[in-house]
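K.L.:
Have a look at this one.
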Amino acid sequence: MGVLVVLLGVLSFLGRTLGGSPALHWDSTSCHLARPIPGRPLRSLSFLGKDAQGLALFHAHWDGHGRLQVCSRQDEPELTAAYGALCAGEITRGSFIHTPGPELQRALATLQSQWEACRGPAESPAGTREKRAAGQNGVPGIGRQWVKRGWTVPGTLWCGVGDSAGNSSELGVFQGPDLCCREHDRCPHNVSPFQYNYGIRNYRFHTISHCNCDARFQQCLQDQRDSVSDIMGVAFFNVLAIPCFVLEEQEACVEWYWWGGCRRYGSVPFARLQPRTFYNASWSSPATSLTPSPQNPALSRPQPMQHPQQWPSEWKESKSPSKTNATALQAPVASPGSDRASTVQLEVTHPGFQGTTGGRKPPGAHRACRSFRHLDQCEHQIGPQETKFQLFNSAHEPLFHCNCTRRLARFLRLHGPPVGASMLWELPGMTCFKLAPPLDCAEGKGCPRDPRAFKVSARHLLRLQQRRLQLQGTGTDNGQVWPSEDQGAPISFYNRCLQLT
């Protein structure tokens with residue numbers, strides 16, 4: 001399986017061919033991304049174009065002899081927006097062709113002449129992983145090989161339908177996302193298309209993998225912080241909506257009599273499908289630009305993943321914000337799709353942080369909210385609607401490890417909650433999770449090696465809540481004003497605390 005049916009693989013999966021599409025305006029194509037073959041015609045060509053249905057992403061692929069193998073059309077708004085942002089981005093300058101030269105014009109003319117003959121790929125279902133056990137290929141000591149097949153996303157060797165790597169250590173031009181795809185390709189726990197494994201049959205056209213592999217894959221793509229990775233993440237998690245599965249031990253027959261009766265029962269891992277996890281792309285926020293302007297130098301540097309921005313020294317002398325600025329701080333905040341980028345968004349684009357220094361937060365507010373900053377930096381947490389450590393978090397707030405919530409409760413007992421944010425710590429709920437070693441499993445049964453999480457009642461938070469209710473004398477706090485939050489763009493607890501104090 002090429003790990004990811006993305007950008008190009010999505011086209012094959014949906015089965016949309018140029019032959020069945022309205023006429024394309026060939027004189028209005030743009031953002032051409034070509035993959036040449038030395039001394040031969042083009043291998044692949046991707047570009048944006050308009051037809052009667054609107055803007056779409058087109059892809060064509062030729063074999064080594066110049067014969068057209070597949071051409072496809074995809075008009076998903078997320079993909080076309082991502083491709084356009086990638087085309088205009090600084091990191092891909094020189095990769096895209098904006099003014100076609102003679103060779104590219106000939107390729108477009110050839111593609112136009114072959115329009116009616118264009119058909120989808122007549123190969124195995126997208127996402128099929130071919131395995132060969134050791135000894136089958138005559139090479140001892142090799143348990144699995146990834147065979148060159150299909151076609152891949154331009155600039156990568158492992159992302160797409162198949163792979164084009166000469167060996168397992170070779171990577172493409174976009175090495176970061178290519179590495180993510182390669183590692184996800186090697187997930188040891190998966191169910192191939194139309195195959196039966198772990199007690200379930202996969203009726204999809206793509207392979208489904210263990211949730212831990214998908215979680216690592218998503219985190220790897222998000223860590224790259226570039227549009228190439230975002231295109232792949234959006235296609236895999238949002239467009240194709242590929243689910244994942246967790247393994248649970250169940251009692252089943254492990255040895256049968258010849259006449260069909262069960263001779264011996266044992267513990268066998270069974271797969272349980274989990275809902276898909278959405279991918280939050282950095283380019284989805286209009287305030288985030290791939291080509292930062294000189295006036296915003298803070299956006300031109302990669303931001304640290306966990307540590308918030310350092311406050312400039314001159315802010316320490318600023319006074320408390322006025323009533324006008326305090327109102328502005330409670331306005332909706334346009335935040336990127338991840339918590340680690342929300343601090344940058346607040347500093348650069350939020351109106352409450354612009355203008356004179358009198359509207360900025362006093363240093364006391366940051367000290368009072370530092371407990372929530374530690375909570376955001378919790379090493380083990382499960383995001384909303386996310387499956388991690390074989391546990392699905394169905395809530396709309398993150399689920400934290402008990403060590404992190406216990407540290408928060410200890411801080412609040414000693415120092416009290418920040419003024420104006422007395423109930424913020426109750427948003428994650430009164431539960432947390434602990435990690436346990438994987439279930440005992442006989443060697444060779446394909447059991448997951450990652451720890452598994454289980455939810456428990458956070459008694460330290462319950463005691464804190466009871467104490468607050470006793471001091472308050474009422475069961476609710478109607479005076480608490482929550483910060484506005486755009487749906488799908490979560491704000492970190494630290495930034496919520498800053499808005500409330």
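Cβ coordinates are placed from backbone N, Cα and C, and glycine is handled just like the others.
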K.L.:
For Cys187, what is the disulfide-bonded cysteine listed in Swiss-Prot, choosing from Cys180, Cys181, Cys211, Cys213?
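P.N.:
Disulfide partner per Swiss-Prot record: Cys213.
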K.L.:
Cys159 pairs with which of Cys118, Cys181 in a disulfide, per Swiss-Prot?
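P.N.:
Looking through Cys118, Cys181, the record in Swiss-Prot gives Cys181 as the partner of Cys159.
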K.L.:
Could you tell me which of Cys118, Cys180, Cys262 is bonded to Cys220 by a disulfide, according to Swiss-Prot?
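P.N.:
Record-based pairing for Cys220: Cys180.
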K.L.:
Can you check which of Asn190, Asn280 Swiss-Prot annotates as N-linked glycosylation site?
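P.N.:
Record annotation (Swiss-Prot, N-linked glycosylation site): Asn280.
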K.L.:
Using a 10 Å cut-off on CB atoms, tell me which of the disulfide-bonded residues Cys213, Cys244 is the least crowded.
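P.N.:
Comparing Cβ neighbour counts within 10 Å for the disulfide-bonded residues Cys213, Cys244 gives Cys213.
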K.L.:
List, in sequence order, those recorded positions among Cys180, Cys211, Asp214, Cys220, Cys244 whose Cα sits within 10 Å of the Cα of Cys159 (disulfide bond).
P.N.:
Cys180
K.L.:
Mean pLDDT for the region 'Phospholipase A2-like' (150-291), rounded to an integer?
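P.N.:
Mean pLDDT, the region 'Phospholipase A2-like' (150-291): 78.
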K.L.:
Using C-alpha atoms, which one of the recorded positions Cys180, Cys181, His184, Cys220, Cys244 comes nearest to Cys213 (disulfide bond)?
P.N.:
His184
K.L.:
What are the helix, strand and coil residue counts for the region 'Phospholipase A2-like' (150-291) according to DSSP?
P.N.:
41 helix, 39 strand, 62 coil
K.L.:
Comparing the recorded positions Cys181, Cys187, Asp214, Cys220, which residue's C-beta has the most other C-beta atoms within 10 angstroms in this structure?
P.N.:
Cys181
K.L.:
Given the disulfide-bonded residues Cys159, Cys180, Cys211, which one is most crowded in terms of C-beta atoms within 10 angstroms?
P.N.:
Cys159
